[in-house]
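Trainee: Structure incoming, see below.
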Amino acid sequence: MLCSCRSKSKFLALTLLLLSAATWLYLSVGETEYGPSLGPVAPHFSATSLFQVELESRLREAEEENRRLRQQLGEIRNEEQSPGGGTEGDNSSHCEHRSLTEKCELIHVAIVCAGHNSSRDVVTLVKSILFHRRNPLHLHLITDDVALRVLRNLFNTWMVPSLTISFYNASELKPDVAWIPNKHYSGIFGLLKLTLTKALPSYLSKVIVLDTDITFATDIAELWAIFKKFTGEQVLGLVENQSDWYLGNLWKNHKPWPALGRGFNTGVILLLLDKLRLIGWEEMWRLTAERELMNMLSTSLADQDIFNAVIKSSPTLVYQLPCYWNVQLSDHTRSEQCYSELADLKVIHWNSPHKLRVKNKHVELFRTLYLTFLEYDGSLLRRELIGCPSEGEQQGGSQAALSQLDEEDPCYDFRRESLASHRVHLSFLPHLTPTPDPSDVTLVAQLSMDRLQMLELICRHWEGPMSLALYLSDAEAQQFLRYAQASEVLQSRTNIGYHVIYKEGQLYPVNLLRNVALKNSHTPYVFLSDIDFLPMYGLYENLRKSIAQQDPTGSPKALIVPAFETLRYRLSFPKSKADLLSMLDTGALYTFRYHVWEKGHAPTNYAKWRTATTPYRVEWAPDFEPYVVVRQDCPEYDQRFLGFGWNKVSHIMELDAQEYELLVLPNAFIIHMPHAPSFDISKFRSSEHYRRCVQVLKEEFHQDLSRRYGSAALKYLAAERNQ
C-alpha cells in the first residue's frame, strides 16, 4: 500500500514538472512570435492582441491546474507522513485516494446559536469560514427567538454572495432533550446537536457541525472532503479529546461518563445524516442516555457525554479526524502535541469557560488569530471571489437603484451612500423588553465612537428604556463591547438596546441610524433625542405623565421638549425649571442654537415657556427641528439626508404634513453639552459643493412631499421660496 502511495506521489510530481515546462515553453513561443504578450491590452484589438488575450487566458488555466496538482500532491505526502482516520489508536498510514471537493460543491454547516452573546460569537466564526472558503456555503442555524431576530437581520443586511442561511426553531427541539439534567454552562442548548437528524431537512445527507467558539484557519472544503474517507459503518467524524477529562484522573473522585480512551470532542463533527437516520440514531442516543443517567444523574459536558457513551458502545461508528481539525484550548488541554508551527493549525476551539483568558503557552498566537477575524471588516467578505453560479442571490432594490445612478451627477456620492447596504447587528448586548405599559416611552438616539462618553451621563439622567444606534467599524464594535462590559453604570442597566450599524462609505448615515433605533424600540411612545443632550432629572416620569394626560383618540401629537445648551464643559446641572431659568438669566445657559440657527427652535416660543404651566400649541415654521415625543409608529426619517443638514427638519415637516399637533411641554427640558465639531458639520461649513448637494436634496424632498400629500404640502414649497 505504501509503495502504491509513493508511486502515485512520484507520478503527480512528474506531471506537475511536465505541465510547468509545457506552460513555460508555450509562453516563450508566444513571446518569440508576437513579442511581450502580458502587458495591458490596448483599446483597439489587433490579431496580435487577440492572441495575447487568449494566451493570457490559457496561462491562467495552466496556473490553476498547476495549483490543483500541487495541492493534491501535498495531500498525498501528508497521508504518507501522518496516520489516517479510523478507530482510536490506529497509527498506520492509509493511502486512500482523496478526491478534492468540487469547485462549486455546496458545503452544509450546522450551528446551534442562542442568546445575545452567542449571536456575536457566531459572527466571528462565520467570518473565519468566509475568509478562507472557495465554495458556496449553506448555514443551518438552530436558534432561539433572540438569535433568530439578531442573525436574520444581520445576514439580510450583510448580503454575502454564495451564502444561504436557513433557520430552525430551537423551541421545537427542546422537548427532545429537556428531560436530560445538564451541568454544562451551555444549558439545554448544549444538547440540541443530538437532534440534528430530526431538525435538518431529510434531503440533507451530510453536514459539518460546529460550536460557536470555533475559529477556522483554513478552507472548510478540506474538512468537507474528509467525508469521502468514511468507510463501513462510520457515520461520525470527530477529533479525540485533548484533555484527560474522560480518563477520570483530573481530581480525586472524578467520575466522567464512559468514553473510548480519551473520548472525543464534539466542537467539530462530521455527520452522515442519511446513514444516521437509517441506523435509528434518535433511539440509539436516547436509550444510551437513559441507561447512563441511572448512574451519572446528569451530564457534565452536555451532548459530548452522550456522543461518547454511544461511541463507547459502538466504536465502529466513529472516524477519527486528525487532531489539527479541533485544536482544543480547554483548561486541561494537551493540544500542543497537535501542531509544531502555525501552518499546522486548521481549527481552533476556545472550549474553556474562560475563552480568551484560558492559560496556554501559545495563547497569544491563538488570540491574535482570533482577533484578526473578530475585528475584520465583514463588508470585504461581500466580494464575489469564488466564481460559482448562485441561485436566488439576494439582489435588493438598493442594488438595482445603484445601477441606475448617473456617475456624472455632482451629488453622486450623496445618492450612492444613501442607498448603501449597511450591516446591522441588532441587540449587540443583552437587554430585556419592557413590560407593556400604554404610557411608556423609550429614548431614541444615535452616536459614533467619539460620543461614547455620553452614555454613562445619560444613564444617570434617564432611568427609562433606551434604543441606541451606534455607527462603528468592526474593530470599534469590540472597543465598545469592552467599554460597556467594564462600566458598572452600563452593566447595571438591562433596558438599553444597543444596535450596531457597521461603517460603510464616507458620509454619516444619521437618518438610517435613527430609523434603526426607532424601529427597534419596544414601547408605545418614543422620545426622539440626540446623544449630546442630557435630559432633566426626572424627565422619564415627567413624559410618562404627560403622555397619560393626552387624548389617545384625537389627532396625533408631537410633544416638544424645549432644548437649551451650555458652552461650559463643567456644569452644575439645574434640578428644576426654576434653576434653569435662573441660569438662563445669568448666561450659564442659552436657548439651543440661538446664535447660529435661531429659527431651528424659535417656534418653541421660549418667552411663553418661561411662565407656562400647561402644554401649549405652536405652529410649524420653516426649518423648525424640535426634539419630540411621538408614538413609536410615527413616520421614519428620510434616509437621503446624510451627514449634516436638514436631517431632522425634513422629519418634522413630514409630521406636520400628517397633521400632527405640536404641543410644547411646560415642565420639561434637555440641555446640549459642548463637544468638538463633527466631521460632517465641518464639511458643511467649509464645502460649497456639500451645501449645494444638501440644497438639491431639499428640493427633491419637497417634490416628493407634494406627490405624497398633494395640495396640503404646497405650503412647504411656498415657505421655502419666501425665505
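Cβ coordinates are placed from backbone N, Cα and C, and glycine is handled just like the others.
According to Swiss-Prot, the protein has these features:
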- 1-10: topological domain 'Cytoplasmic' (TOPO_DOM)
- 11-31: transmembrane segment (TRANSMEM)
- 73-94: region 'Disordered' (REGION)
- Asn91: N-linked glycosylation site (CARBOHYD)
- 107-382: region 'Xylosyltransferase activity' (REGION)
- Asn117: N-linked glycosylation site (CARBOHYD)
- Asn169: N-linked glycosylation site (CARBOHYD)
- Asp211, Asp213: Mn(2+) 1 binding site (BINDING)
- Asn241: N-linked glycosylation site (CARBOHYD)
- 383-723: region 'Glucuronyltransferase activity' (REGION)
Trainee: Which of the three DSSP states, helix, strand or coil, fits Asp211 (Mn(2+) 1 binding site)?
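Mentor: Where Asp211 (Mn(2+) 1 binding site) sits, the three-state DSSP reduction gives coil.
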Trainee: Give the residue from the binding-site residues Asp211, Asp213 that has the most other Cβ atoms within 10 Å of its Cβ, counting over every protein chain displayed.
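Mentor: Per the Cβ count within 10 Å, the most buried is Asp211.
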Trainee: In terms of DSSP three-state secondary structure, what is the assignment for Asn117 (N-linked glycosylation site)?
Mentor: helix
Trainee: If one measures from the C-alpha of Asn241 (N-linked glycosylation site) to the C-alpha of Asp211 (Mn(2+) 1 binding site), what distance in angstrom results, rounded to a whole number?
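Mentor: The separation of the Cα atoms works out to 15 Å.
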Trainee: For Asn117 (N-linked glycosylation site), write down the residues of its own chain that are at least 6 apart in sequence and whose Cβ falls under 8 Å from its Cβ; none is a fine answer.
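Mentor: Sequence-distant Cβ neighbours: Pro430.
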Trainee: Hey, what's the Cβ neighbour count for Asn241 (N-linked glycosylation site) at 10 Å?
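Mentor: Asn241 (N-linked glycosylation site): 29 neighbouring Cβ atoms within 10 Å.
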Trainee: What's the number of neighbouring CB atoms sitting within 10 A of the CB on Asn169 (N-linked glycosylation site)?
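Mentor: Its Cβ has 13 other Cβ atoms within 10 Å.
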Trainee: Would you mind giving the whole-number mean pLDDT across the topological domain 'Cytoplasmic' (1-10)?
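Mentor: Average per-residue pLDDT within the topological domain 'Cytoplasmic' (1-10): 49.
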